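See below for the structure under consideration.
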Amino acid sequence: MAHPHLLAERISRLSSSLEKGLYERSHAIRLCLLAALSGESVFLLGPPGIAKSLIARRLKFAFQNARAFEYLMTRFSTPEEVFGPLSIQALKDEGRYERLTSGYLPEAEIVFLDEIWKAGPAILNTLLTAINERQFRNGAHVEKIPMRLLVAASNELPEADSSLEALYDRMLIRLWLDKVQDKANFRSMLTSQQDENDNPVPDALQVTDEEYERWQKEIGEITLPDHVFELIFMLRQQLDKLPDAPYVSDRRWKKAIRLLQASAFFSGRSAVAPVDLILLKDCLWYDAQSLNLIQQQIDVLMTGHAWQQQGMLTRLGAIVQRHLQLQQQQSDKTALTLIRLGGIFSRRQQYQLPVNVTASTLTLLLQKPLKLHDMEVVHISFERSALEQWLSKGGEIRGKLNGIGFAQKLNLEVDSTQHLVVRDVSLQGSTLALPGSSAEGLPGEIKQQLEELESDWRKQHALFSEQQKCLFIPGDWLGRIEDSLQDVGAQIRQAQQC
């Protein structure tokens, strides 16, 4: 076997060659190439004239001496037009029912069937056997067929509860294509003089028969780690709970796992990684509604769980809560003591903040938690200007409970010791205190926990950086995952600075 990284580089160069002259079709080419290299089937959905047939023709050039067969289905298509005509001579001389398959689907490595849903039952039944078993019954004999890639296309989806669903379920990869959108790409497409039938792939990059057969065995040796399986099972469980989720058969899940193994193999890895699971967005949908739903669920999986983002945020929340508890234990030492002002001519006693309190936003800790506005509150954030005005003139005072949401109206007073006290609806009070002095730094317990959490974050980010070199995953998905990890890292660093 070639060095894994050399193989990944070769497949990347092969894909680049196949993509030449095709605009906004890189993802489709790459997934069709992955399907061809792993012996799977692809369904292309989209309007006429958007290069669906050209994509299939291009894939022929990925292999040395590959034969291609393409056919436009109609309601009047016959098995003879797809699988070959009957041999009149064999029927006449020997009474054998045998087809002449040369130049037809049974002898092609790359097959493209357009308007697939117009095929009749006779064609569909034979096609199912060809896809499932890679076999073709020719008269009394069962012959192996060399098909590596079947690309089926249509501008519509099969009708629900029809005889076509069995065939549709065999189309592992499903891609929804549209017209060229970008202005520059549209211009380049209009002015391109490239002959669509030219072979754009150098001989050295083409896959030999021996390589293809060897790779099929090696793909099966790619491992599925426990943590990746847990992510897959989490996705499956979540889909089962959603009323509008598409039905995904066990067969489709199993075939999808082999596709993930192929993605890892041709990316130079020995095991499936979380990043490979993004491919499931092109395997599990059924129609337009389920396409959006599947993408949303996989996005949640990738940005929330695949690299432990949500788990790290939960740990961070617990550390921050513990830090606040430790600060509350010290609140008597740091209770906010106001300065009483002379009020000779004022009916209301006036106060001001201590001179060492200068922040524009003040976070004050409750000596004991209270339930305010149906929320368990441990600290309140005040705008300094609003608090100063209340201390001077009285009236209404508002603050953000636990520092989140909108500022809420509070029952606040100054007690006889010149401390601020907040009261709940039952008039239970809690003295407000300043957080511990920054000079004291973080408690050792909190500092250690944050350092351990940051170390785990660095490990997860390093794993993602290693795994994201995957030809078959769109860059925008990788960008969202990077953003989610950076957000977690930023929150950890912010907590370390408190």
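Here, residue 1 is simply the first one shown, and the rest follow in order.
Any Cβ shown, glycine's included, is placed from N, Cα and C.
Cβ contacts within 10 Å of Glu196 (ADP binding site), excluding its own Cβ and spanning all protein chains shown: 13. Among the features that Swiss-Prot reports, ADP binding site is placed at Tyr23, Gly49, Ile50, Ala51, Lys52, Ser53, Leu54, Glu196.
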Note to self: Out of Ala51, Leu54, which of these binding-site residues shows the lowest number of other CB atoms within 10 Å of its CB?
What the structure shows: Leu54
Margin query: On the three-state reduction of DSSP, what should I expect for Gly49 (ADP binding site)?
Written below: coil
Margin query: If you pair up every Cα among Tyr23, Gly49, Ile50, Ala51, Lys52, Ser53, Leu54, Glu196, the residues annotated as binding ADP, what's the maximum separation in angstrom, rounded to an integer?
Written below: 14
